[in-house]
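These features come from TrEMBL:
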- 27-45: transmembrane segment (TRANSMEM)
- 51-74: transmembrane segment (TRANSMEM)
- 86-106: transmembrane segment (TRANSMEM)
- 112-131: transmembrane segment (TRANSMEM)
- 143-163: transmembrane segment (TRANSMEM)
- 169-189: transmembrane segment (TRANSMEM)
- 210-231: transmembrane segment (TRANSMEM)
- 237-257: transmembrane segment (TRANSMEM)
- 278-296: transmembrane segment (TRANSMEM)
- 316-334: transmembrane segment (TRANSMEM)
- 341-360: transmembrane segment (TRANSMEM)
- 366-385: transmembrane segment (TRANSMEM)
Amino acid sequence: MAAENSRGAMFRVILPNQPSRVTNAELFFDLVFVFAVTQISHTLLHHFTPLGAVHVAVLFLAVWWVWVYTAWVTNWLNPDLTPVRILIFLMMLGGLVLSTTIPTAFEGRGLWFAIAYAAMQVGRTAFWLFATPRHRTAVRHNAIRILTWLSISAVLWIAGGFSEGETRLWLWIAAVTWEYVSPAARFWVPKLGFSSVEAWAVEGNHMAERCAGFIIIALGEAVVVNGATFAELEWTSANILAFVSALVGSIAMWWVYFHKGAEAGSERISKSTESGRLARLAYTYLHMPIVAGIILTAVSDELVLKHPTGHSDVRTIVSTIGGPLVFLIGTILFKHSIRGFLQLSHGIGIILLLVLWWFAADLSPLRLSVATSVILIVVAVWESVSLGSKVEEAEEH
């Protein structure tokens with residue numbers, strides 16, 4: 001059947017009313033990024049300074065970008081075919097090298113990080129270009145555009161790997177900025193011009209499911225951190241409450257994202273006539289702060305579990321309030337992109353977190369954690385009730 005596929009022998013066969021499924025090879029690939037997320041959260045925990053936060057932000061943006069670009073390519077290519085599976089397995093090798101170098105990327109192993117990242121981005125895109133048949137001119141031109149942009153950023157990444165200190169940081173900031181601007185600039189290159197929206201069509205259910213899977217990865221990291229840290233401690237009433245609060249917070253985040261938002265996003269993108277544009281905004285850009293907020297919350301969980309009493313320090317305040325805050329900002333923007341209106345529940349949650357920040361220094365880490373978990377529960381319940389009533393009204397009419 002693959003040989004008769006008009007889209008190309010290595011591309012997925014698209015059938016009416018049959019959404020493309022997420023394959024086992026893709027889920028296997030994601031295991032590497034479970035490790036990457038763990039490395040990012042632990043690196044931030046041990047380098048929680050303004051400069052350390054900037055370093056981790058650059059590394060996180062790179063990790064998210066290489067994963068989400070791969071999700072786009074496997075939305076088009078068929079991971080059940082051996083050549084595409086080999087590509088995925090090679091990407092896993094690159095991802096493991098990338099992940100292992102995260103803690104020392106701004107120290108001794110920066111060049112390894114840069115080489116792994118550049119090889120993954122450029123190599124995967126070159127394979128996609130090779131796999132695209134010549135009669136699909138628009139798709140080939142898209143691949144050429146992206147390959148051009150990624151090749152330029154690869155030079156910046158590797159140049160940063162050869163450099164040290166501030167020079168490395170600024171080169172990598174330039175590289176990641178270049179890559180994040182490129183989709184918004186529609187990968188313009190001389191002669192070929194801008195990419196067209198039509199050429200970016202994706203199978204919406206697959207893209208939504210892939211990004212939802214990464215949310216599970218991030219939430220899983222938060223749960224693992226919570227359990228692993230709690231297991232090492234002598235159990236007291238304070239850290240038992242902190243353990244429960246962290247788990248409840250993770251459950252509330254899951255509820256906020258999955259109970260209504262994930263399904264609505266999948267339905268919206270699957271029916272959209274501009275699935276590529278929606279995938280770029282809602283899933284490529286706006287899922288990034290959602291994941292970042294969950295990772296920051298995982299850092300908070302460990303800090304609060306180890307020191308639940310006393311006054312909250314700056315690290316605890318920033319992670320405990322900042323994590324849910326970034327998460328809610330990401331989810332309110334994501335849901336706005338698929339529903340067309342801002343969720344009042346999320347907006348109130350954001351305001352409450354900002355108000356809490358004002359009093360945070362006077363609260364213990366445990367009380368701060370409980371307060372943020374309560375705010376997330378309020379957001380989750382409010383959205384469920386309000387959207388549930390709207391569905392009932394629509395059914396009555």
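Counting begins at 1 with the first residue displayed.
Cβ coordinates are placed from backbone N, Cα and C, and glycine is handled just like the others.
Between the transmembrane segment (112-131) and the stretches 86-106, 210-231, 278-296, 316-334, the greatest number of Cβ pairs separated by less than 8 Å involves 86-106. Counted over residue pairs 6 or more apart, the CB atoms of the transmembrane segment (210-231) and the transmembrane segment (27-45) come under 8 Å in at least three pairs, which marks the two as touching. Through the fold, the transmembrane segment (366-385) approaches residues 238, 241-242, 245-246, 248-249, 252-253, 255-256, 259-260, 300-301, 304, 308-309, 312, 316-317, 320-321, 323-324, 328, 343-346, 348-349, 352-353, 356, 360 of its own chain, all at least 6 residues removed from its boundaries and within a Cβ separation under 8 Å.
Counting residues 6+ beyond its ends, the transmembrane segment (51-74) has Cβ neighbours under 8 Å at 23, 26, 29-30, 33, 36-37, 40, 43-44, 84, 88, 91, 95, 98-99, 102, 105-106, 113, 117, 120-121, 124-125, 128, 169, 172-173, 176, 179-180, 202, 207, 210-211, 214, 279, 283-284, 287-288, 291-292, 295 in the same chain.
Counting only same-chain residues 6+ beyond the ends of the transmembrane segment (86-106), those with a CB under 8 A from a CB of the stretch are 25-26, 28-29, 31-33, 35-36, 39-40, 42-43, 46, 55, 59, 62-63, 66, 70, 74, 77, 79, 112-113, 115-117, 119-120, 123-124, 127, 168-169.
Between the transmembrane segment (316-334) and the transmembrane segment (143-163), fewer than three CB pairs separated by 6 or more residues in sequence fall under 8 Å, so the two stretches do not touch.
Long-range Cβ contacts of the transmembrane segment (27-45) within its own chain (Cβ-Cβ under 8 Å, at least 6 residues beyond either end) map to 52-53, 55-56, 59-60, 63, 67, 70, 88, 91-92, 95-96, 98-100, 102-103, 213-214, 217-218, 220-221, 224-225, 291, 295-296, 298-299, 302-303.
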